[in-house]
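Step one of this worksheet: look at the structure below.
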Amino acid sequence: MVDYQGKKVVIIGLGLTGLSCVDFFLARGVVPRVVDTRISPPGLDKLPEQVERHLGSLNEDWLMSADLIVASPGVALATPILCDAADAGIEIVGDIELFCREAQAPIVAITGSNGKSTVTTLVGEMARAAGWQVGVGGNIGLPALQLLEHPAQLYVLELSSFQLETTTSLHAAAATILNVTEDHTNRYPFGLQQYRAAKLHIYEHADLCVVNADDALTMPVRGADARCRSFGVDVGDYHLNRQQGETWLRVDGERVLNTREIKLVGQHNYTNALAALALADAVKIPRASALTALTSFTGLPHRFQMAFERNGVRWINDSKATNVGSTEAALSGLAVDGTLHLLLGGDGKSADFSPLVPYLQGERIRLYCFGRDGQQLAALRPEIAEQTETMEQAMRVIAERIRPGDMVLLSPACASLDQFRSFEQRGDEFARLAEELG
């Protein structure tokens, strides 16, 4: 634990995470200052009166006179004033670093471009099934610092690349990078390797690393070593085994669970299950408890979730697929009896959509592209694509064409903010329209 008494602390960014940092320091007798570039940031009404705040811009005088700067994950370390502060020897951390300095229980740390919320939640459920006191949070649910307020035998943290950039004291009992695909190109101007380098921080000081045997970018820089266990579709210590039309989860050559007993849908979710099982084994969660949790877990909202089914047509809400890799995962190994009606569109964040092309082949697929980058997506295979301005317009076209055995899949490969407040609102709208039109 670190003594912060007498330190001049400035917190950049309010919101839930910023407020958790304020509470953390107040509980230790330190009154921090808060700066936020927004005039009316979320959580402002909950900020205690004694905490000085500067809104609408970054207060350079405060930052350059600080002993410690706690930066929100949304603030790039490349921001000029933070570069100046770092050059001046001022320590810059994030909330996860503060958490790691205080945590007294083992930590399972999970990152990746896609699937991390599902795996984080699933490992937490596995621990609960064993009767453990577990704190689950970080980039999902509760801010990590709030987890310190309750006793825990295990912490399970979802961590973003942004959070890992400001973390040096993480000593995970088990850590994983589930996958690495292009994302956040605005934050990582030097491309995929810069993004991957941020993710790789998770393996530093980890007792055990769980790597994706199908994705070399998830490997530690020095390659797999004695600390590593692997998962994958067909290879890895934890992999899928297909026999006589059935698919099993297999660990070290032993079949442990038939996927028919799992409520999660799709090959990408089966590999998520394998990763969760590997992490659970690493921290000695009893296997029986882990499998019990796995068979009862229904998944997270907006993540390849069945929104509606009628007359043999399934409407699948995968609105959380805000990047190309997520949509690739959804389409990989997807089985549809009839035609797949795929909804793509939104704000692609300057991403390269071409990796989707191999998944868009065949006669039984139709594309419906909408939003800011709808035209670019329709160009991937124009002969089967239809472009509309909005998702609702596209769904009304689909409703006229569906037949029993078809699937309507919203897996947009794009952020939602060009037309929606959030991916959640986009998914809710899809579900509402599915029920109306189905």
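The backbone N, Cα and C atoms fix where each Cβ goes, glycine too.
For THR118 (ATP binding site), applying a Cβ distance below 8 Å and a minimum sequence separation of six or more within one chain yields LEU264, ASN269, ASN272, GLY299, LEU300, ARG303. Annotation note: THR118 (ATP binding site) sits in a helical segment as assigned by DSSP. Look at Swiss-Prot and you will find GLY112, SER113, ASN114, GLY115, LYS116, SER117, THR118 tagged as ATP binding site.
Within 10 Å of the C-beta of ASN114 (ATP binding site) there are 26 other C-beta atoms, taking all protein chains into account. Within 8 A of the CB centroid of the ATP site residues GLY112, SER113, ASN114, GLY115, LYS116, SER117, THR118, the other residues of that chain are ILE110, VAL119, LEU178, ASN179, ASN272, SER326.
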